[in-house]
Amino acid sequence: MDVKIFDNDTEAGKYAFDLIKQGMDNGAKVLGLATGSTPVTMYKAMVNSDVDFSNMTSINLDEYVGLAPDNDQSYRYFMQSNLFDKKPFKETFVPNGLAKGPEEETTRYNKVIADHPINIQVLGIGRNGHIGFNEPGSPFDAETRKVPLTQSTIDANARFFASEDDVPRYAYSMGIGSILKSKKILLLAFGENKADAVKKMIEGPVTNDVPASALQKHSDVVVILDKAAASKLSKK
């Protein structure tokens with residue numbers, strides 16, 4: 001893993017976008033994208049740039065089960081408001097939270113990924129080491145599937161909802177096996193509350209107990225941190 005440490009998340013987000021631009025200059029056509037507060041500075045850098053994304057395809061990691069695309073807490077809504085409405089892409093794929101059947105939706109999404117191999121995958125990391133909604137215990141060979149959210153993830157996401165009771169209990173998530181097929185991976189982490197997970201991901205053993213540790217098995221991963229998220233690393 002190539003670890004890059006920045007003073008703040010704004011600088012880190014700009015650097016992540018620089019890597020995406022380099023990839024696009026070298027022919028990248030498919031971006032794997034993430035939601036949540038972590039990639040927002042990267043999306044701001046993308047929106048404020050003069051880069052044209054109209055020939056690019058995006059594939060998002062996950063979506064809450066049960067939320068409509070126009071629900072302001074859905075990940076489709078997040079992507080539209082933070083990026084797609086401001087920088088149009090050729091195609092944008094996000095799991096359908098209102099799909100009638102989980103098996104049908106996960107099969108559809110796995111085909112989307114197979115038909116559009118991801119050149120650059122952007123990830124965040126949860127406090128418990130999850131990537132996407134691949135919680136501790138997730139198999140490393142999994143594809144897209146419907147997953148239950150752990151209580152710690154529900155607690156972490158409750159701040160975005162009116163109450164904890166409103167937080168969805170399930171999500172569709174790209175699996176770790178699918179993530180590892182990406183040609184290049186950028187993992188962003190900011191804040192002291194991510195420091196333990198970052199240390200385990202980089203310096204700990206490869207274990208299903210820390211889903212992000214699977215990235216040690218990938219040949220091209222750039223970990224982009226602010227100083228707080230890097231604060232517990234032995235080597236800086």
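Keep in mind that glycine also has a Cβ here, set from the backbone N, Cα and C atoms.
Secondary structure at ASP62 (active site, proton acceptor), as computed by DSSP, is strand. The Cβ of ASP62 (active site, proton acceptor) lies under 8 Å from the Cβ of THR35, TYR75, PRO95, GLY132, PHE133, ALA171, TYR172, SER173, MET174, each of which sits 6+ residues away along the same chain. Residues or ranges marked as active site, proton acceptor by Swiss-Prot: ASP62 (among others).
Neighbour count (other Cβ atoms within 10 Å of the Cβ, all protein chains): 18 for ASN128 (active site, for ring-opening step). Look at Swiss-Prot and you will find ASN128 (among others) tagged as active site, for ring-opening step.
Feature annotation from Swiss-Prot assigns active site, proton acceptor to HIS130 (among others); the stated evidence is sequence analysis. Neighbour list (HIS130 (active site, proton acceptor), Cβ cut-off 8 Å, at least 6 residues apart, same chain): PRO136, SER138, THR150, THR153, PRO211, ALA212. According to its DSSP assignment, HIS130 (active site, proton acceptor) is coil.
Taken from Swiss-Prot, the feature active site, for ring-opening step covers GLU135 (among others). Secondary structure from DSSP puts GLU135 (active site, for ring-opening step) in coil.
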Tell me the Cα distance separating ASN128 (active site, for ring-opening step) from GLU135 (active site, for ring-opening step), rounded to the nearest angstrom. 8
